[in-house]
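Q: Take this structure, written in structure tokens, and hold onto it; I'll ask about it next.
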Amino acid sequence: MKPVSSRRQSVSSTGHFAWDLYQSLLWAPGGAADEEGSCCHFPRLIRTIPIWKPKRERSSSLWVKVKMNDSALSHTEFLLQGVPNGDGYELLIFISFLLVYVVIIAANLTIMYLVKTETKLHGPMYYLLCLLAGIDIILSNVTIPKILEMYSLQSKVISLEACVTQMFLVYCTALSESTLLVAMAYDRYVAICQPFNYHKLKLHYVLLVVALIIFLRAMCFVAVATLLTQATYCGSNFIQNCYCNYGSLSKLACDGVTVSDAITYPLSFLITLPDSSLIIISYFKIFKVAFHTGQGEARTKALNTCTSHCCVLILFYTSALFEFTMYLIPSIYSPELHFVVAVTFAIFQPIFNPIIYGVRTKEIRKSFLKLLGRGRVADRS
């Protein structure tokens with residue numbers, strides 16, 4: 001057996017040789033430096049691993065996108081793409097997402113404050129809207145802080161556990177929002193089509209049913225998240241998105257996602273299709289009643305309320321539909337469209353909801369103007 005000093009010398013010389021070999025590959029013509037993107041690409045190697053310089057240059061480390069050909073190995077860390085073609089605009093991207101984040105928090109907290117402080121907003125629909133604002137705050141906190149970290153600290157690396165956790169929370173908030181939108185549609189249906197039964201609608205029963213449905217749906221995604229943590233990722237570790245979702249992560253796995261695929265995609269459609277169908281039926285009946293029996297101010301109020309709901313519904317379900325189908329048929333979608341759909345689904349949705357409801361709902365608009373000290377203007381409108 002070699003003495004300790006000779007083994008250390010051997011390890012040190014091996015480290016120097018590996019670093020010199022890496023440098024020659026990186027700057028060789030047609031090598032890693034000539035490839036597209038900020039990450040380095042080796043021929044037949046595309047997996048992110050930390051390559052440390054030897055002791056003499058240990059002050060920095062380099063993350064390289066590498067592919068493992070050995071199926072016995074599996075990635076534990078991944079690289080997020082971020083904004084496509086965003087190199088050189090890091091500061092602008094950071095400021096843009098920071099402003100969006102601040103507006104989301106401020107707008108949704110304002111909705112929650114108005115519902116709590118204004119007595120005329122103490123109704124089932126506004127309480128459900130308050131819950132929707134809370135869900136939007138949670139969703140923005142799941143996705144945006146990591147994007148801010150990517151462009152402020154230049155840290156695009158995310159662990160497998162963190163990636164799966166983020167994906168799980170994004171989908172839990174999305175299915176919670178879908179369930180709440182169904183409850184809001186049912187509330188408007190009873191209020192307009194069956195007004196004499198509206199006072200019998202018990203809010204705590206509605207919230208209990210909503211919470212039970214959300215819990216049961218979330219349990220299905222717990223199984224999916226568990227399966228993803230046990231899958232083998234021996235291909236690329238480059239996630240073509242600004243946050244983790246099922247489609248972008250599962251396509252990197254080389255084994256262990258068959259069961260999760262069989263659960264996720266059918267479950268997603270089994271959730272969104274019944275929810276959207278119930279909402280469409282409810283608002284169809286609402287518009288029918290409003291046009292045939294409503295008159296004057298009552299009809300206008302009903303149509304204004306339903307129009308704001310429909311805008312949110314179209315935005316949510318359209319982006320959710322694209323979010324899942326673009327991974328089933330990836331060839332027809334560009335990376336830029338992937339980014340736009342992902343951002344609309346998980347980032348811009350929380351900012352559109354309070355704006356749409358605040359502008360289209362008269363009671364909320366008047367309460368907001370009153371909060372700004374413009375009570376006279378609110379009363380005249």
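Every residue, even glycine, has its Cβ placed from backbone N, Cα and C.
So TrEMBL has the following annotated:
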type     : residues : note
DOMAIN   : 107-357  : domain 'G-protein coupled receptors family 1 profile'
TRANSMEM : 91-114   : transmembrane segment
TRANSMEM : 126-148  : transmembrane segment
TRANSMEM : 168-186  : transmembrane segment
TRANSMEM : 206-228  : transmembrane segment
TRANSMEM : 267-291  : transmembrane segment
TRANSMEM : 312-333  : transmembrane segment
TRANSMEM : 339-359  : transmembrane segment
Q: Can you work out whether the transmembrane segment (339-359) touches the transmembrane segment (91-114), with the criterion being 3+ CB pairs under 8 Å where the paired residues are 6 or more apart along the chain?
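A: Contact criterion met.
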Q: Which bits of the chain, at least 6 residues beyond where the transmembrane segment (126-148) starts or stops, bring a Cβ under 8 A of a Cβ in it?
A: 80, 82, 94, 97-98, 100-101, 104-105, 108-109, 111-112, 115-116, 158, 166, 169-170, 173-174, 176-177, 180-181, 183-184, 187, 203, 206-207, 242-243, 346-347, 349-351, 353-354, 357, 363-364
Q: Please average pLDDT over the domain 'G-protein coupled receptors family 1 profile' (107-357) for the predicted structure.
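A: A mean pLDDT of 84 is what the model gives the domain 'G-protein coupled receptors family 1 profile' (107-357).
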